[in-house]
Amino acid sequence: MPTINQLVRQGRTVEKINSKSPAMQNSPQRRGVCTRVYTTTPKKPNSALRKVAKVRLTNGFEVISYIGGEGHNLQEHSVVLVRGGRVKDLPGVRYHIVRGSLDLQGVKDRKQSRSKYGAKRPKKA
């Protein structure tokens, strides 16, 4: 417990909280251009080929972001919308690409959780 005199001399230090998605700069989403679209393998207990893209954002940051859902139409120079949110089993992937926005199409034939994958409501038969 410091004395009043010690507090007057030094004051309290405020703990700095580091952002989990610094490239967003406090924005909910950012637009960017794909510089590389590729697959990568997850950390130890899991096994798959996860689809990721390296994206150059409008603020100059270059980030690796995850492409969720089954199948995609992304290639180099595609314009995408990036949101925060990491992928636990892919080190260095701290962002997601928003499906159904800009150049990235929604997931085809998706029936459940459609809003997360940019899928339109299916037509009644």
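Cβ atoms here come from the backbone N, Cα and C positions, even for glycine.
Feature list (source: Swiss-Prot):
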{"type": "COMPBIAS", "residues": "113-125", "note": "compositional bias 'Basic residues'"}
{"type": "MOD_RES", "residues": "ASP89", "note": "3-methylthioaspartic acid"}
{"type": "REGION", "residues": "106-125", "note": "region 'Disordered'"}
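Sequence-remote contacts of a segment are chain residues at least 6 beyond its ends whose Cβ falls under 8 Å from one of its Cβ atoms, and for the region 'Disordered' (106-125) they are 68-71, 98-100.
DSSP places the residues of the region 'Disordered' (106-125) in helix, strand and coil in these numbers: 4 helix, 0 strand, 16 coil.
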